[in-house]
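First comes the structure, then the notes that go with it.
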Amino acid sequence: MPEQRLSLVSSLLTPRAADARLGPFSLSSIWAVARRWRPEMSHEGLLLGLGLYFTLACNAPFWRALLASRGSEGGALAYLLALGVALTALNFLLFAPLLGRWMTKPLLGGLILVAAVASYYAGHFGVYFDPSMLRNVLRTDVAEARELLTPGFVLHVAALALPPLFVLQRSRLRRRPLRRALAIRSVSVMFALLVAAAALGSVFKDFSGQMRNHKELRYLITPAAPLWSMARVLSREAQAATLPRQPIGTDARLGASWATAKKPALFVIVVGETARAANWGLNRVGGQSPTHDTTPELARRAVINFPEVSSCGTNTEVSVPCMFSLQGRRDYDEDAIRGSESLLDTLQHAGLRVVWNDNQSGCKGVCTGIERMRPDPANLPELCDGERCLDEALVESSRSLLRDANGNLVLVLHQLGNHGPAYFRRYPAGFRHFTPTCDDEDLSKCSREQIANSYDNALLYTDHVLARSIDLLKELASRYDTALLYVSD
């Protein structure tokens with residue numbers, strides 16, 4: 001009897017048995033149909049279908065933000081329909097001139113992947129694909145990229161990209177004589193232009209007002225926004241590479257008091273990462289009310305806290321260059337900031353030794369021409385895991401520099417800090433104080449409370465790193481006049 005049961009089970013598990021149970025919808029028959037399916041399509045028809053797919057499947061974050069910013073006004077369905085038609089036509093207009101016999105499939109395949117990836121980050125993290133964000137993408141290191149490649153990301157991209165990629169791969173592109181192809185392409189472009197104009201014209205008053213009040217919405221449109229921003233960044237980078245940086249403070253000199261100082265100066269600047277004022281424990285004194293006490297060690301030291309501080313932007317690529325610039329936040333000018341030397345250059349012109357110690361993905365151009373170093377994971381195995389190091393490694397790796405240095409020194413420590421989304425990786429197990437925590441790179445798997453607790457634990461660890469830095473400066477007080485400034489981007 002057991003042998004008969006085993007035989008029955010094994011027969012049921014064979015492909016032929018499974019196919020029999022599924023009838024006409026067997027796996028083998030579906031695969032056979034898929035292999036034989038080779039539809040013939042024109043370049044224009046394929047692009048039109050793909051443009052519609054982008055509009056409906058890949059722009060959900062844009063449509064949600066559009067509706068949220070519109071409020072409770074009536075006529076939402078007609079408004080969305082008109083904009084959907086316009087967006088599909090504009091996708092066609094944007095890419096139709098680039099299609100050709102050998103370019104169509106590679107180009108459209110690339111667009112599908114860009115749209116799927118952009119849709120994930122816009123939907124899960126609220127990312128707006130403006131030039132500063134694309135510049136951040138270009139500066140991303142391997143360790144940071146690896147943390148972003150979660151199972152949720154892979155599933156999302158696969159679900160959005162594989163169906164249109166399959167259609168693209170199986171389709172046969174119709175060939176036409178050159179003159180006829182050019183004529184059809186021209187007529188198609190003109191028709192798409194008329195459709196886009198008519199659709200936008202029907203809602204122009206509402207749409208123009210909404211875009212004027214919510215300019216950021218344009219950076220949610222995929223794949224157009226990331227491609228436009230990438231092109232702008234590459235253009236600016238190429239232009240900047242041909243121009244010399246504008247010198248600042250070349251005549252800076254140390255004053256007379258420096259010559260009579262008994263000890264050289266040691267000034268440590270700690271550049272933090274994504275430390276929100278609302279979560280900074282010391283701001284309780286400044287009238288704010290953080291949920292957790294995230295700065296207990298600093299509170300026990302005689303530090304001066306500045307509660308009213310704002311960064312220049314929401315990403316490192318904007319905030320760090322601005323932080324060290326002549327213009328600052330009030331007179332922010334991206335081209336002027338990137339085209340000029342920084343505060344560190346001015347300090348160097350004045351005769352101070354300046355060293356940048358980095359535990360992040362770079363200094364974003366601020367330390368060009370400045371002495372640089374970074375923690376070596378091989379020398380600090382207890383603080384490093386592969387390419388990533390905890391921020392205490394900044395303090396430990398600076399000890400030999402401070403021990404052997406002579407003269408005035410400005411040391412910049414660039415923290416990994418609260419770099420998301422993997423907040424739980426920014427602190428050791430001993431600092432898992434606020435629970436429950438989010439121990440996953442995919443924040444969609446965690447509750448708001450778990451994410452906030454992990455974020456605050458990372459701040460608690462920053463508090464510890466700063467306290468250790470202060471203690472190190474106290475140890476060196478017999479050799480240096482010391483000071484420390486912490487400011488987060």
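We number each residue from 1, going along the chain as drawn.
Cβ atoms here come from the backbone N, Cα and C positions, even for glycine.
The structure displayed is predicted, hence computed values, not measured ones.
Residues or ranges marked as transmembrane segment by TrEMBL: 45-64 (among others).
Summarising the annotation, TrEMBL assigns transmembrane segment to 76-95 (among others). A Cβ distance under 8 Å defines the sequence-distant neighbours of the transmembrane segment (76-95), meaning residues of its chain 6+ beyond its ends; these are 44, 47-48, 50-52, 54-56, 59, 63, 66-67, 70, 107-108, 111, 188-189, 192-193, 195-196, 199-200, 202-203, 206-207, 221, 224.
For 87-237, the entry in TrEMBL reads domain 'Phosphoethanolamine transferase N-terminal'.
Annotated transmembrane segment per TrEMBL: 107-128 (among others), in sequence order.
If you look up TrEMBL, you'll see 148-168 (among others) marked as transmembrane segment.
Within its own chain, the transmembrane segment (180-204) has Cβ neighbours under 8 Å at 42-44, 78-79, 82-83, 85-86, 89-90, 92-93, 96-97, 99, counting only residues six or more beyond its boundaries. As annotated by TrEMBL, transmembrane segment applies to 180-204 (among others).
Summarising the annotation, TrEMBL assigns domain 'Sulfatase N-terminal' to 267-489. Looking only at the domain 'Sulfatase N-terminal' (267-489), the predicted model's pLDDT averages out at 91.
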